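**Q** Straight from TrEMBL, here's the annotation block:
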REGION    1-45  region 'Disordered'
DOMAIN    97-508  domain 'Amino acid transporter transmembrane'
TRANSMEM  117-141  transmembrane segment
TRANSMEM  176-199  transmembrane segment
TRANSMEM  246-267  transmembrane segment
TRANSMEM  336-357  transmembrane segment
TRANSMEM  377-401  transmembrane segment
TRANSMEM  422-443  transmembrane segment
TRANSMEM  449-471  transmembrane segment
TRANSMEM  483-508  transmembrane segment
Amino acid sequence: MEERPETELISIPATPRVSTPEALTPSGQRSPRPASKEAKSSNAWTPTSLISPRFLSPIGTPMKRVLINMKGYLEDVGHLTKLNPQDAWLPITESRNGNAHYAAFHNLNAGVGFQALVLPVAFAYLGWSWGILSLTIAYVWQLYTLWILVQLHEAVPGKRYNRYVELAQAAFGERLGVWLALFPTVYLSAGTATALILIGGETMKLFFQIVCGPTCTSNPLTTVEWYLVFTSLSIVLSQLPNLNSIAGLSLIGAVTAITYSTMVWVLSVSQKRPSSISYEPLSLPSSSSSAFLVMNALGIVAFSFRGHNLALEIQATMPSTFKHPARVPMWRGAKVAYFFIAMCLFPIAIGGFWAYGNLMPSGGILGALYAFHSQDISRGILALTFLLVVFNCLSSFQIYSMPAFDSFEAGYTSRTNRPCSIWVRSGFRVFYGFISFFIGVALPFLSSLAGLLGGLTLPVTFAYPCFMWVLIKQPTKYSFNWYFNWILGWLGVGFSLAFSIGGIWSMVNDGLKLKFFNSN
């Protein structure tokens with residue numbers, strides 16, 4: 001892969017507190033670099049330590065003023081970062097006005113959502129002990145690797161790794177980095193979009209049935225037609241130009257996810273449990289088939305912690321200076337986000353399995369709530385819960401599709417050397433939306449798809465960051481840090497292979513069941 005041309009954009013301002021000029025992006029948004037606040041004095045050495053009033057006291061006033069101005073600018077810009085002109089044309093880096101609040105919204109929207117609804121399915125195959133243990137280990141593991149990605153975003157002074165693939169290239173090499181990271185990150189974006197179409201369309205169908213009521217005489221849409229309605233709404237919302245422009249949608253997605261997650265498990269545990277409920281893990285007659293089921297369940301747990309393929313992209317939307325690096329607000333927002341993520345995932349998994357046990361349908365706790373308690377809960381509450389799920393899926397579709405939009409536009413701009421027009425940008429997004437729709441129609445197995453997605457993309461979350469830390473930071477060989485990250489990385493690779501096999505087996509098994517029932 002050829003490197004994009006880089007230019008160094010540095011100019012000396014006339015006064016010490018003038019910030020860099022605003023850049024007008026193709027979407028019409030301005031991205032000013034905020035002026036830095038006066039910092040407290042520090043004894044730590046920085047590249048501008050020698051340019052200080054005490055050091056400059058013997059120098060004449062005009063020269064002193066120029067050098068002090070230079071010091072203020074260097075501290076404001078920081079790192080003498082080499083900027084890629086093409087970044088101003090792409091959705092991820094077009095706007096650099098992000099902050100800790102945006103980071104919290106985006107991480108919550110990416111980290112919690114429909115995948116939480118499938119977690120009780122994994123518990124039905126794992127049981128209480130292994131289910132809770134695997135969920136806890138996965139949560140701590142992915143939180144550590146998220147911290148690694150936040151730290152590595154500016155691991156090299158003067159360089160920002162704005163995308164996951166860029167960091168992989170820096171760690172593994174230009175070609176190997178692309179081969180290792182491009183497929184799972186694109187697959188995670190496209191696979192998540194496909195799964196969102198499945199759960200969003202199904203939920204819209206259930207919402208219509210609840211609102212219409214049992215005596216409804218209208219001719220309802222088929223499931224595929226509901227998929228198409230959801231896809232069309234997602235495409236309309238996807239016309240927002242860049243990652244910062246969807247911060248409002250991410251806020252809506254975060255609020256709705258927290259709300260409906262709480263409502264779903266509270267409603268489930270507050271109702272009478274089915275009489276035939278059992279907490280024994282589901283198994284098949286053959287030990288090999290049971291092992292595949294367990295691996296698919298662990299893949300579902302891994303998929304519930306997706307979002308690391310967006311961490312660097314979210315951090316890239318923030319301004320970064322020498323004194324105020326982007327990793328500080330990013331980690332602050334991520335910690336808040338993952339606190340609420342834990343408050344959503346653990347109660348749904350534990351409460352859902354307690355309420356339905358191994359009677360949990362493959363679609364997850366939302367389907368169980370409708371199947372077992374649609375007559376016990378008021379239609380208004382059920383309708384509100386399903387509507388919140390639809391809003392969350394529409395919001396999550398935008399943030400998970402943004403890397404794919406960025407890849408499409410990067411290919412176009414690198415060939416034409418000009419930004420995408422509105423029509424080209426819209427065309428890419430319409431094409432992507434309907435491709436995801438067709439994949440969803442062809443593979444309508446949500447729980448199996450979740451297991452396969454978790455297996456194939458597990459290295460992005462659990463393995464690659466550990467390898468990247470060792471290769472870029474280069475801790476002391478044979479130290480605890482060195483061993484710890486290598487072991488975690490290779491465990492992640494091994495789990496990825498096992499979970500992928502379990503997901504493929506589950507999808508094939510579900511396909512054979514569907515073919516058998518249709519033939520009869």
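The first residue you see is number 1, and the count goes up from there.
Including glycine, each Cβ sits where the backbone N, Cα and C put it.
TrEMBL does not curate its annotations; it predicts them automatically.
Could you give the neighbours, burial and distances for every feature on this list?
**A** For the transmembrane segment (176-199), the list of distant contacts is 1, 113-115, 117, 164-165, 167-170, 227, 230-231, 234, 306, 309, 366, 389, 393, 396-397, 400-404, 407, 432-433, 435-437, 439-440, 443-444, 446, 449-450, 452-453, 456-457, 459-460, 464: same-chain residues at least six beyond its ends, Cβ to Cβ under 8 Å.
The list of residues near the transmembrane segment (246-267) in space but at least 6 beyond its ends in sequence, with Cβ under 8 angstroms from a Cβ of it, reads 98, 102, 104-106, 108-109, 112-113, 116-117, 237, 240, 337, 340, 343-344, 347-348, 351-352, 355, 365-366, 369, 373, 377, 381, 384-385, 388-389, 391-392, 394-396, 398-399, 402.
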**Q** What same-chain residues lie close to the transmembrane segment (336-357): Cβ under 8 Å, and 6 or more beyond its ends?
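**A** Distal contacts: 103-105, 107-108, 111-112, 116-117, 119-120, 122-124, 128, 131-132, 135, 139, 143, 146, 254, 257-258, 261-262, 264-266, 268-269, 271, 273-274, 277-279, 304, 364-365, 368, 372.
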**Q** Restricting to the same chain and to residues at least six past its boundaries, which positions have a Cβ under 8 Å from a Cβ of the transmembrane segment (377-401)?
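**A** Contacts with the transmembrane segment (377-401): 106, 109-110, 113-114, 117, 188-189, 192-193, 196-197, 199-200, 203-204, 206-207, 210-211, 213, 230, 233-234, 237-238, 240, 243, 246, 249-250, 252-253, 256-257, 259-260, 263-264, 267, 271, 310, 366, 369-370, 429, 432-433.
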**Q** Which sequence positions outside the transmembrane segment (117-141), separated from its termini by at least 6 residues, show Cβ-Cβ distances below 8 Å to it?
**A** 199, 264, 279-282, 293-294, 296-298, 300-305, 342, 345-346, 348-350, 352-353, 356-358, 360-366, 368, 389, 446-447, 450, 462, 488
